[in-house]
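Annotated features, as they stand in Swiss-Prot:
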type	residues	note
TRANSMEM	3-23	transmembrane segment
TRANSMEM	36-56	transmembrane segment
TRANSMEM	76-96	transmembrane segment
TRANSMEM	113-133	transmembrane segment
TRANSMEM	178-198	transmembrane segment
TRANSMEM	218-238	transmembrane segment
TRANSMEM	250-270	transmembrane segment
TRANSMEM	283-303	transmembrane segment
TRANSMEM	319-339	transmembrane segment
TRANSMEM	375-395	transmembrane segment
TRANSMEM	461-481	transmembrane segment
TRANSMEM	618-638	transmembrane segment
Amino acid sequence: MYLLIVFLPLLGSSVAGFFGRFLGSEGTAIMTTTCVSFSSILSLIAFYEVALGASACYLRIAPWISSEMFDASWGFLFDSLTVVMLIVVTFISSLVHLYSISYMSEDPHSPRFMCYLSIFTFFMLMLVTGDNFLQLFLGWEGVGLASYLLIHFWFTRLQADKAAIKAMLVNRVGDFGLALGIFGCFTLFQTVDFSTIFACASAPRNEWIFCNMRLNAITLICILLFIGAVGKSAQIGLHTWLPDAMEGPTPVSALIHAATMVTAGVFMIARCSPLFEYSPTALIVITFAGAMTSFLAATTGILQNDLKRVIAYSTCSQLGYMIFACGISNYSVSVFHLMNHAFFKALLFLSAGSVIHAMSDEQDMRKMGGLASSFPLTYAMMLMGSLSLIGFPFLTGFYSKDVILELAYTKYTISGNFAFWLGSVSVLFTSYYSFRLLFLTFLVPTNSFGRDRLRCHDAPIPMAIPLILLALGSLFVGYLAKDMMIGLGTNFWANSPFVLPKNEILAESEFAAPTITKLIPILFSTSGASLAYNVNLVADQFQRAFQTSTFCNRLYSFFNKRWFFDQVLNDFLVRSFLRFGYSVSFEALDKGAIEILGPYGISYTFRRLAERISQLQSGSVYHYAFAMLLGSTPFVTFSRMWDSLSSWVDSRSSFILLVSSFLINKSSQE
């Protein structure tokens, strides 16, 4: 049963890929959706047996690589962390498959699309179930490849091509860091198996001094692993690919942002918690990076006009919350927020897809407005998702986001306070852009064309069913799972993840945190909603004043241009590497030294020599006699010296040189 959870999506993808031409769009959609749905049902059974029954399951299938000290096998690990991720991935993926049946019904390449969705799901399941770093890396690279194929699905669009290449290249930076971290684990522990590495993590580690700094082997490995998470989970510095990934179909965006790809980095940190717990330096770095990411993405999203990009930046901001929750050693709360976030983020993306699908692929919110009457169901769904996103009391997001902020405050460290205040301010911006999205899309006077309004319609039944199910999850999952997953004294995470006793602060955040810290997120959410209402619906004079102010214009450009991260990366990194690649690698090395000293240079030298020799052929007898004399003289001299030279000159080399010279001379004459 456990193996079927992983391999059923692979079966559906294989059938869609090899027989999609014969099954057609409907047959392929039914096959892939059925396989992923069965996998989702089996995930619920596994959740009952493993998480609720507190019995982890280890499956060792077959040996994979065995070379001296290196031994890797095909194995699967099903513990509490794994089964939670299985439910998230398979449930969201099955709803996205069902949604795509209607959304992609008019696309002639829908069988290929369903094939890509299923293989994406398979690689994510392979990532979360692997019991060693090598298998995790296989799934890690697989989801990167599948995301490239899905973002690049409409390959005739230039922006989709550029976005897919950008996602692939930016993620290669993080993948390189993850690979170095895995190499470091093997060097230090002589294995890539999770259980062995985690059991030995507390043993004495190697330390050395570099640039007057004391470095620890575990710290270095954790930093390298975190670089992998920075790339995959779109943290500050490597986050630029995430908004551009919106060029793919909307179901792809929902799957990437809710259940797969971006959650892989958070999962990897939670899985490697026994390593990170013994590296306080790495935890501090993770906390600062996550807090800065949440603030950066929240401030960037407030002035975006693309419907999907606003939701994409909200994903980036929420990933920052998950990351700095891991940095303060509360991996269970981070995974809980990941699960809650999957429901309302998939709901937001699929609701946005319903609007875009009905509005003839229009994504600019400024060209919408007044759609609440035409899309009552979609408006209600997006309202529920937005309220859950901002942490409205008693909705799903409220039970995880507020706990993360309380934990950051009760950490009583510089990094914890930094994360608390940046996270709290990010709540204000999150509330602002969430309600701005609702106002500009559904409530302001209409700005769309009349012909678009005549054709628009609410979500059809196949698209409405996933929205309703996700809305129920956005309303009740946090309340139902809170006590089980992050309640005091719960045994849910008995086998994974691991937290040192000195880092346990959940009880302190529950009872020792001041009341004001519990009210700050609610106050900021209310303030953000009120500000969005006043700016976008009421105060036209505020907008005019904002447009005429030089400072406000510069601030608008700064946030709208995404803190100029793309420009900085292009000017200082991309163009520098392009210049280096052309002037040094191409001109100086490839077309320079390698060609001159390589085969081209040797052939050119012999060819020029043969041309000079051929000029001696003048047709005069005395010239030939003189040439014979010049040729015989060194020959006679050389034959006399042969006995002394034969000890260090190879006669075979001399023969080869003589014959090659003759052939080159003959070819030059022809």
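Yeah, the Cβs are placed from backbone N, Cα and C, and that goes for glycine too.
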Contacting positions for the transmembrane segment (113-133) when only residues 6+ beyond its ends and CB under 8 Å are counted: 5-7, 9-10, 12-13, 16-17, 20, 28-29, 32-33, 35-36, 39, 58, 60, 72-73, 75-78, 81-82, 85-86, 89-90, 93, 96-97, 100, 104, 107, 139-140, 142-143, 145-147, 149-150, 153, 182, 185, 192-195, 197, 249, 251-252, 255, 259-261, 264, 267
Two-stretch contact, the transmembrane segment (283-303) and the transmembrane segment (218-238), at least three Cβ pairs under 8 Å: yes
Cβ-Cβ under 8 Å with the transmembrane segment (178-198): same-chain residues at least 6 beyond its ends: 69-72, 75, 77, 131-134, 137, 140, 205-206, 217-218, 220-222, 224-225, 227-229, 231, 268, 271, 274-275, 498
Positions on the same chain near the transmembrane segment (319-339), where near means CB under 8 A and six or more residues out: 81, 84-85, 87-88, 229, 233-236, 262-263, 265-267, 269-270, 273, 276-277, 283-297, 399-401, 403-404, 407-408, 411, 415-416, 419, 423, 426, 477, 481-482, 485-486, 492-493, 497, 499-500, 503-506
Same-chain residue ranges lying at least 6 outside the transmembrane segment (250-270) that approach it to Cβ under 8 Å: 81, 85, 88-89, 91-93, 96, 99-100, 103-104, 117, 120-121, 124, 127-128, 136, 139-140, 143-144, 147, 150-151, 153, 174, 178, 225-226, 228-235, 242, 276, 286, 308, 311-312, 315, 319, 322-323, 326, 331, 334-335, 338, 341-343, 345-346, 349-350, 352-353, 356-357, 496-497
Long-range Cβ neighbours of the transmembrane segment (218-238) (under 8 Å; 6 or more residues past either end): 140, 143-144, 170-181, 184-185, 188, 201, 205, 261-266, 268-269, 272, 275-276, 278-279, 281-282, 285-286, 289-290, 292-293, 296, 315-316, 319-320, 322-323
